[in-house]
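What follows is a single structure, written as structure tokens, with notes after it.
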Amino acid sequence: MLSLCICGTAITSQYLAERYRVNTPMLQSFINYCLLLLFYTVMLAFRSGSDNLLHILKRKWWKYVLLGLADVEANYLIVRAYQYTTLTSVQLLDCFGIPVLMALSWFVLYARYRVIHLIAVAVCLLGVGTMVGADILAGREDNSGSDVLIGDILVLLGASLYAVSNVCEEYIVKKLSRQEFLGMVGLFGTIISGIQLSIVECKDIASIQWDWKIALLFVAFALCMFCLYSFMPLVIQVTSATSVNLGILTADLYSLFFGLFLFGYKFSGLYLLSFTVIMVGFVLYCSTPTRTAEPAESSVPPITSIGIDNLGLKLEENLQETPSAAL
């Protein structure tokens, strides 16, 4: 389900870029954050007690500002990287977020992995490599990029920020609530993306030749993103951010399969092989649950003193027992 949502965002974005020459990733993200704001942030505003919006803002507003910044910039950097580097580089380097996510989960969430989890991740990454090879053989790698180094750096930064956002999401939905995460991301995501939108995309938005088809593509993109943001916390609650990210590696393959009919991509049997390899790795990862490390126990021995008052009572009991024992 999550992979299909991502596939929907990729297809609508590609239609906008190729058919209508519309490249406004920040505007597309801004619409999604507005939907989250109208739905989940308003929901928080009507709650009472410690779950109320104002109460949350008073206690930890600055934490959610950083989370919103990481989420907004992760989305922006990955999309912007396509202008500089190649599709192959984006697909390969985007996987950098998985080991970063695992490392953050180890230190922040105290997740502990077994050997089988590491093997499963390696199998999934092998599937991604197979998919990239299929792209090259099918002739999809026709864009050399204008500045590959800048593009690769953008992908690495975006993947790392995605990992930060996903770890925070897992912590919040498991320790606090799904509504709080989505509501606060919607609030600060709207503010941050709105400011950035007014700075970097004013000319691009003004040049759009609006019609019902373009508007429909924007709506479709926003709905896919809204569903992705709404459903992902539900899956993370019962699994983990790492397993979710391994599962959505298949999103690129769904996009390729749809692209066979919509954009005239050439088919390669390696696509089916890569899909199978990724699914095998995903099932292998989920077959054995990860464990959470217990908090370190204090090395200071417990205090066994019975106290002055209890000591006096104990001595008095012993004095009373001594004559009885003598008799």
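Residue positions begin at 1 at the first shown residue.
For all residues, glycine too, the Cβ spot is worked out from N, Cα and C.
Keep in mind that TrEMBL annotations are predicted by a computer and have not been checked by a curator.
Annotation comment: TrEMBL describes 30-49 (among others) as transmembrane segment.
TrEMBL lists 91-111 (among others) with the feature transmembrane segment. Beyond its flanks by at least six residues, the transmembrane segment (91-111) meets 78, 121, 124-125, 128-129, 131-132, 135, 152, 155-156, 158-160, 162-164, 166-167, 170-171, 240-242, 245-246, 249, 252, 290-293 of its own chain at Cβ-Cβ distances under 8 Å.
If one looks beyond the transmembrane segment (118-137) by at least 6 residues along the same chain, the residues whose Cβ comes under 8 Å of a Cβ in the stretch are 87-88, 91-92, 95, 98-99, 102, 242, 246, 249, 252-253, 256, 268, 270-271, 273-282, 284-285. Taken from TrEMBL, the feature transmembrane segment applies to 118-137 (among others).
Same-chain residues lying 6+ beyond the ends of the transmembrane segment (149-169) with a Cβ under 8 Å from its Cβ atoms: 67, 70-71, 73-78, 80-86, 89-90, 93-98, 100-101, 104-105, 108-109, 181, 232-233, 236, 241, 244-245. According to TrEMBL, the feature transmembrane segment maps to 149-169 (among others).
According to TrEMBL, the feature transmembrane segment maps to 181-200 (among others).
Feature annotation from TrEMBL assigns transmembrane segment to 212-232 (among others).
Tertiary proximity for the transmembrane segment (244-263) is limited to same-chain residues at least six positions away from its ends with a CB under 8 Å from its CB atoms, namely 2-4, 6-7, 10-11, 14-15, 18, 91, 95, 97-98, 101, 120-121, 124, 127-128, 131, 135, 166, 232, 235-236, 271, 274-275, 278-279, 281-282, 285. Annotation comment: TrEMBL describes 244-263 (among others) as transmembrane segment.
According to TrEMBL, the transmembrane segment annotation covers 269-286 (among others). Proximity of distant same-chain residues to the transmembrane segment (269-286), defined by a Cβ-Cβ separation under 8 Å and at least 6 residues beyond the stretch ends, is recorded for 116-117, 119-128, 130-131, 133-134, 137, 239, 242-243, 246-247, 249-250, 253, 256-257.
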